[in-house]
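Read through the structure below, which is laid out as structure tokens, and then see the notes.
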Amino acid sequence: MLQSLAGSSCVRLVERHRSAWCFGFLVLGYLLYLVFGAVVFSSVELPYEDLLRQELRKLKRRFLEEHECLSEQQLEQFLGRVLEASNYGVSVLSNASGNWNWDFTSALFFASTVLSTTGYGHTVPLSDGGKAFCIIYSVIGIPFTLLFLTAVVQRITVHVTRRPVLYFHIRWGFSKQVVAIVHAVLLGFVTVSCFFFIPAAVFSVLEDDWNFLESFYFCFISLSTIGLGDYVPGEGYNQKFRELYKIGITCYLLLGLIAMLVVLETFCELHELKKFRKMFYVKKDKDEDQVHIIEHDQLSFSSITDQAAGMKEDQKQNEPFVATQSSACVDGPANH
């Protein structure tokens with residue numbers, strides 16, 4: 001008897017705080033996912049980093065042996081300055097001197113990466129004025145970009161997602177949930193094909209040092225707004241039509257970001273995902289719901305009474321003959 005009572009009380013406790021338990025498991029799962037990613041990245045990339053460090057030490061030692069007139073301190077000062085300039089997007093290589101980082105097309109590409117919060121980091125402002133303007137420009141531009149993307153995605157979603165699903169549901173009688181799932185999968189497949197696979201194939205041809213995997217990696221890192229900056233198109237030494245290429249990449253990033261948001265919005269509108277998300281949300285209190293219901297009822301009652309009073313006044317204004325006739329009947333006997 002006591003065991004059954006204890007079990008039922010535990011079940012009621014779990015059901016009462018189900019949202020809190022789900023949220024706790026969500027936080028724990030997210031932290032474990034972070035740790036899992038750190039372990040995998042460290043185990044995969046650390047050996048390659050060690051090999052690269054050993055190779056650089058050998059090259060440095062060989063260079064110093066071949067140039068005995070140069071001290072190690074002088075070489076390190078030179079390399080430090082070169083690396084510092086490289087971090088700002090400036091290269092000392094002779095065949096890279098013709099590529100400017102702040103011509104109009106490069107600045108347009110930089111502005112698009114700032115507003116979309118991609119931020120490759122290969123080109124950064126050098127002057128104090130440029131850094132100050134970048135802060136002000138981002139503070140205004142990022143919310144403006146979010147507003148712009150929200151409006152564009154909302155309009156596209158109506159024509160691309162909601163109307164097709166409603167059409168197949170009404171015209172052919174298919175289940176709305178099934179149609180929504182099939183439509184979301186097809187839309188995701190088309191988006192991945194048009195903005196990942198096809199551009200990756202194009203980049204692998206236009207960029208000399210990129211293979212298909214590296215090109216696909218760039219597309220994903222860019223359209224997911226991660227923007228690591230290890231792969232940036234249009235930075236080749238002998239890049240043809242560089243200005244036109246930069247403008248095309250800017251348009252691709254903007255259209256691809258819109259397409260990604262449309263797909264995400266389409267999946268978020270699925271009934272199953274809505275139910276899944278509600279598991280982690282805080283439920284409204286019953287008292288709060290009752291207050292909202294009472295306020296709604298009061299507003300409805302007051303609006304009804306106001307409408308009734310207005311209708312009575314309109315009837316009085318629209319019936320002048322009735323009023324004059326009744327007054328004549330009252331005054332008539334008195335005059336006689």
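In case you wondered, yes, glycine gets a Cβ from its N, Cα and C as well.
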Would you please say which range out of 15-20, 117-122, 315-320 has the annotation region 'Selectivity filter 1' in Swiss-Prot? 117-122
Any idea which of 62-68, 153-159, 293-299 is down as region 'Important for intracellular retention in recycling endosomes' in Swiss-Prot? 293-299
Per Swiss-Prot, the SUMO cross-link among Lys274, Lys283, Lys312 is Lys274
Identical membrane-side domain name, Ser91 and Glu243, from Swiss-Prot: yes
Output, ordered by sequence, the same-chain residues six or more apart from Lys274 (SUMO cross-link) with a CB under 8 Å from its CB, or 'none'. Cys268
Residue list, the topological domain 'Extracellular' (203-211) vs rest of chain: Cβ under 8 Å, 6 or more residues beyond ends. 218-219, 231, 233, 236, 245
